[in-house]
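Residues or ranges marked as GTP binding site in Swiss-Prot: 30-37, 98-102, 152-155. Annotation source Swiss-Prot lists domain 'tr-type G' at 21-289.
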Amino acid sequence: MESASPAPAQAGDPALARDVKKRRTFAIISHPDAGKTTLTEKLLLFGGAIQMAGTVKAKKSGKFATSDWMAVEQERGISVASSVMQFSYGDCVFNLLDTPGHKDFSEDTYRVLTAVDAAIMVVDAAKGVEEQTIKLLEVCRLRDTPIITFINKLDREVREPLELLDEIESILKIHCAPVTWPIGMGKRFQGVYHLIHDEILRFKAGEENAGQQFESLQGLGDAKLRELFPLEADALLSEIELVRGAGAAFDLADFLAGRQTPVFFGSGINNFGVREVLRALSDWAPSPLPRDAVERTVEPTEPKFTGFVFKIQANMDPQHRDRIAFFRVCSGRYSPGMKVRHRRTGKDMKIANAVVFMANERQRSDDAVAGDIIGIHNHGQLQIGDTLTEGEALQFKGIPYFAPELFSKPRLRDPLRAKQLNKGLLELGEEGAVQVFEPFADNTLLIGAVGPLQFEIVAHRLKTEYGVDASFENAGIHTARWVTCPDAQHLAEFTKANSLRLAKDVDGNLVYLADTRVNLTLAQERWPKVAFHDTREHGQLLT
């Protein structure tokens, strides 16, 4: 076991510290159809990154959401890959990571959430807390990620706001601190009252211009209140009194510790409430946080460059058949042409042409600091979980594989395309789209996923990106576990006795394939010295 080493002495670079302080790296999480993609577009609109929702700046055509760039996403209207978008607003530089919106893609979503310092949770005001929201909040809670809540679609027929807050608190186990409060709902939605600024923002449907300033009134005592909202004024006054009396006021320390979420109400499709969320991110969300490595904790303002790969994306540009490693900078400053140490292999590599993103649009990055996400052109040498440093032996922690819940075997329409099939599956496996296993008893690669849609996505990408027409059939496997044993002889005996149920993963780790839950339980009872793991760290060779 490696002993913890102290952090190296820091030279103290005021310019670096200033740049790091400006960064806000966050994700947007929600259940499918709660309005996550719309909010993503509107934040980019307010940040000046795009001119109108659905189109990248300077593009003359294309109606797809900026963040849904992959062909299969455009066809199906769901987010299946994680886009990265950088934009500025005020004095801050925002790195927005758009997570997959479909329930099948929890593993990729988890990896994205390891790379952020805060999150916006979007809740559909008509549906409240949904299944995917619960799962994502559990992931955020593992790292005490600060969460801002945006309750969306107030211009539709929705549930009572107090009921929604109670549901968030009781199901998600996080305290709510309302920052804005709705005035009416559905067709009678009139705007919101800002509890901290003592200001009423009046709603007007159909405003698509980010520069639009919604009409405002100063405070609940404004003489125009009853004139403008004759049907809602009394209810608003009583609700605000109730909220202030029973609800918790916003507390920055509780928010940063992940114990409290500030809550905003609005309508993303109409830009209403978006500016307030963006200002909250700017004012309250943390700048890049320290990161835990196996050896020590790395501070974001340390002068030496460090970071980790949290995602591999193949064929972002089909014309160039490229692969990009998404890399979270944890300390120091990136500059083109710099030499870094690849921790897993121990080899040095040069990063000459890193890029920054706007979904699939990219441009060369000439500078990046902690919190920034850069793309590194990758020809197979980088894997998810890899750490790069300026020489120090560090390995960042916290990017796991989960045991798949579904398993399939590929079936080729054309047997002569077997080489292309294997190449495609291995590359998609490295990317994290699926997990790929090589069974001891069969030459056919085995594919593991956390949801059935992943197999459809892989089949589509094999066809469009690798020219392989393949279908997938059930492999008859219930679950998988990574196995380790400190006794080499005992492990050899286990391997010999269970060879028909064993496979290797992409990193060469031993995996036990159980066709039923009973089979797994029996194996654990028969081999008590063997450990069966349902997760492992990326890039980790289990021993």
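Just so it is clear, glycine is given a Cβ too, placed from its N, Cα and C backbone atoms.
Long-range C-beta contacts of LEU154 (GTP binding site), restricted to its own chain and to partners at least six residues apart, with a cutoff below 8 Å, comprise ALA125, PRO182, MET185, GLY186, PHE189, PHE203, PHE265, GLY266, SER267, PHE272, GLY273. The domain 'tr-type G' (21-289) scores a mean pLDDT of 82 in the predicted structure. A helical conformation is recorded for LYS36 (GTP binding site) in the three-state DSSP classification. Each of the binding-site residues SER30, THR99 was ranked by the number of other C-beta atoms within 10 Å, and first place falls to THR99. Neighbour density for ASP33 (GTP binding site): within 10 A of its CB lie 14 other CB atoms from the protein chains shown. Cβ contacts within 10 Å of LYS36 (GTP binding site), excluding its own Cβ and spanning all protein chains shown: 27.
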